[in-house]
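As C-alpha cells, the structure follows; a few thoughts come after it.
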Amino acid sequence: MNLPNLSLADFLPLLPAIIMVVGASILLLSEVFLSTTASRAYQAVLTVVTAVAAGAMALTTMFEPPQEVMLGFGVMDPFSSFLTFVVCVGLGLATLSSVSFLRKRGAERGEFYALMLFASAGMSLLAMSNELITLFVNIEVLSLSTYALTSYLRRGTRPSEAGFKYFILGAFSSAVLLYGAALLYGATGTTHLTAMAGPLSTAMSSQPGLVYAGIILVITGFAFKVAAVPFHMWTPDVYEGAPTPVTALMSVGVKAAAFAAMVRVFFMVGKGVDPQMLLGLFSVLAFLTMVAGNLLAIPQRNVKRMLAYSSIAHAGYLLVGVAALFVTGPGEQFRLLGASALTGGTPLGLARAEALRGILYYLLAYTFSAVGAFAIVSVLERREDEEKGTAWDLERFSGLAQRKPGWAFAMAAFMLSLGGIPPTIGFMSKLLIFQAAVDAGLIGLTIVGVLSSAVGIYYYLRVVVYMFMRPVPEGAQALEKSWSTELALVLSTAAVVILGIIPGPIMGWLEQASSIFGQ
C-alpha cells in the first residue's frame, strides 16, 4: 500500500489552526493544576494570546502565492488567510468579553475556552477546504464545539433548550449538505473542487436533474449555517439562550467561515454550470433575508433577539455580494429582481474581485461591530433575570450615558456601524457591497438592500435613544467594572471609527485576498 508522501511544508499553512488546537489542549490540561478563581484568569489570557498568535500567523501568509496543502484537500491562499484573521479577531474579542461574564456565574473553566479554540480552528480549516468531505468534517468540528458552548451554562432551561434546538436543526442541515455533496460526487466522480468544473459541465448535458438537486441541497445546508431566510428559524432562540460571549463568536465566526466555504464551493461549481441559476438562487435568498431580517427585528424589545434578527439581515447583505459573483459579463441579461447586464464595460474579473472585496470587508466590519455590541449586552445583563427573559430588555439601556458614558459611546458607535451610518466601518462595508452589486448590474437588488438598510436604522437608533434620552431607572444597580470587557470595547470602538474614516490600512489585504477572482 502506498502511503501519502507528506512533508513539513504540507503542515506550515495549517499553523494558525494548529496553534489554536495546541492552545486548546494546554487549556484542558491546565484544569488539573488550576483550582482558584485568580489562577483561572490565566486561561483567558492564554486564549487571547493564542488568538493573537494564530491571527498574526495568518497575516504572514497573506501575500504568499496560493498552494494546495494536505494532498489537495485544502488550499492556502490570501482568501483563506484573511478569513482566518477575521475569525481570530472575533475569538480574541469574544474571549475578553467572557471573563467577567463567566466569573459572575461561577462558570470559569478551561473547557469553555478550549471549546472556543476548537470551534475557531474548525472555522479556519473550513475556510481552507478544497474538497467536499474535508469541508463537511470541518463544518462538524466547528458545529460540535458550538453545540456544547451553546448549552455550557447549566443553570436554568434556556441554555439547554437552545443547545438542543441548535443540535437538532444543525444536524439536519449538515445531513442535507452531505446529501447534496453526495449527489455532486455522483454526477462528477470527484469531491475535489478544483477538478469539478469539467465533469459538471459534462453532467449538465447528461443528467442535469442530479446536478441541480445537488446544488440546491448544498445551498440549503449553507443557508442554514449563515441564517438565511427561510432557514433562519433557529437563530433568535439559540442566540438568546446561549451565553452572550458564545453568541458573539457564533454570530461572526460561523458566519465568516460559512460564507468563505460557500464562496469557494460555488466559485468552482459555477465554472461548470449555468451561472444564471446561481445568480437567481442567491438573489432570491438575499432578497428574502434582507427584508425579513429587518422587519422581524423592528418589534423586538429583547436586545439579544433584536441582534439575532439583525444578524439575519446582515447575512442578506452579504448574499448580495455572493450573487454579484455570478454575473457573467457584458451581453448577458439577467432580469431577476431588476438585474441587468454588467454595466459600464466593467471587466468580469474586476467585477468579481470587487464583490469579493466587499464580502471580506463586510465580514471584518461586522465582526468588530457585533462582538462589541454583544459585549455591552453581556455586562448589562443580570444572572437572576436570565431565566425570566428580562435580562436583555431594552430598558436595561435606559440612562446608560449617565451611568457609563464610555459604554454608551461605544454602543452608539456599534449601532451606527451596524446601521451603515457614516463615518463608521459599517458604512464603508455596505458601500463596497452595494457598489459591487451596481457594477454587476444588480440594480433592483441594490435598491432593496438600501431600503432594507434604511429600515434597520430605526431599531438601531432606538437603542441609542434609550441610552442618551431616557432617565436612569429607579433602583438601578451599580454596574461592575471589567478590565477585559472594557479592553474589548476600546479595541472594537477604535476599529469601528478609525477604519470607517481611514479604510486604507486594510485595503491592501483586501486587494490581495480578492485576487483569486481577478483572473
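Cβ coordinates come from backbone N, Cα and C, glycine included.
Taken from Swiss-Prot, the feature transmembrane segment covers 14-34 (among others), and the record attributes it to sequence analysis.
The annotation transmembrane segment is assigned in Swiss-Prot to 44-64 (among others).
Residues 16-17, 41, 44, 47-48, 51-52, 54-55, 58-59, 62, 108-109, 112-113, 116-117, 120, 123-124, 127-128, 243-246, 248-249, 252-253, 256-257, 260, 360, 363-364, 367-368, 371-372, 374-375, 378-379, 480, 482, 484-485, 487-488, 491-492, 509-510, 512-513 of the same chain lie 6+ residues outside the transmembrane segment (82-102) yet bring a C-beta within less than 8 angstroms of a C-beta in it. The transmembrane segment annotation in Swiss-Prot covers 82-102 (among others).
Through the fold, the transmembrane segment (117-137) approaches residues 13-14, 16-17, 20-21, 23-24, 27, 47, 50-51, 54, 58, 68-69, 72-76, 79-80, 83-84, 87-88, 90-91, 143, 145-146, 149, 174, 177-178, 181, 184-185, 191-194, 249, 253-254, 256-258, 260-261, 264-265 of its own chain, all at least 6 residues removed from its boundaries and within a Cβ separation under 8 Å. What Swiss-Prot records for 117-137 (among others) is transmembrane segment, and it gives sequence analysis as the kind of evidence.
Panel annotation: around the transmembrane segment (167-187), residues 132-133, 135-136, 139-140, 143, 147, 196, 199-200, 203, 207, 210-211, 213-222, 224-225, 231, 233-234, 269 of the same chain, lying at least six beyond its termini, place a Cβ under 8 Å from a Cβ of the stretch. Under the heading transmembrane segment, Swiss-Prot lists 167-187 (among others), citing sequence analysis as support.
The transmembrane segment feature in Swiss-Prot is assigned to 209-229 (among others).
For 249-269 (among others), the entry in Swiss-Prot reads transmembrane segment.
The transmembrane segment annotation in Swiss-Prot covers 278-298 (among others).
The feature transmembrane segment is assigned by Swiss-Prot to 359-379 (among others). Counting only same-chain residues 6+ beyond the ends of the transmembrane segment (359-379), those with a CB under 8 A from a CB of the stretch are 79, 82-83, 86, 89-90, 93-94, 96-98, 100-101, 244-245, 247-249, 251-252, 255-256, 259, 263, 303-304, 307, 311, 314, 317-318, 321-322, 392, 407, 410-411, 413-415, 417-418, 424-426, 428-430, 432-433, 479-480, 482, 485, 488-489, 492-493, 495-496, 499, 503, 506, 510, 513-514.
Sequence annotations record features per position, and here Swiss-Prot assigns transmembrane segment to 407-427 (among others) based on sequence analysis.
The transmembrane segment annotation in Swiss-Prot covers 431-451 (among others) and rests on sequence analysis.
Look at Swiss-Prot and you will find 487-507 (among others) tagged as transmembrane segment.
Take the transmembrane segment (487-507) and the stretches 14-34, 209-229, 249-269, 407-427: counting Cβ pairs under 8 Å, 407-427 has the most. By the Cβ criterion (distance under 8 Å, sequence gap of 6 or more), the transmembrane segment (209-229) is not counted as touching the transmembrane segment (407-427), fewer than 3 such pairs being found.
If one looks beyond the transmembrane segment (14-34) by at least 6 residues along the same chain, the residues whose Cβ comes under 8 Å of a Cβ in the stretch are 40, 42-43, 46-47, 49-51, 53-55, 57-58, 69-70, 74, 76, 84, 88, 109-111, 113-115, 117-118, 120-121, 124-125, 128. Long-range neighbours of the transmembrane segment (278-298) within the same chain, counting only residues 6 or more positions beyond its ends whose Cβ lies under 8 Å from a Cβ of the stretch, are 215-216, 219, 223, 227-230, 232, 266, 269-270, 306, 309-317, 319-320, 322-323, 326-327, 334, 336-337, 339, 442, 445, 448-449, 452-453, 455-456, 458-459.
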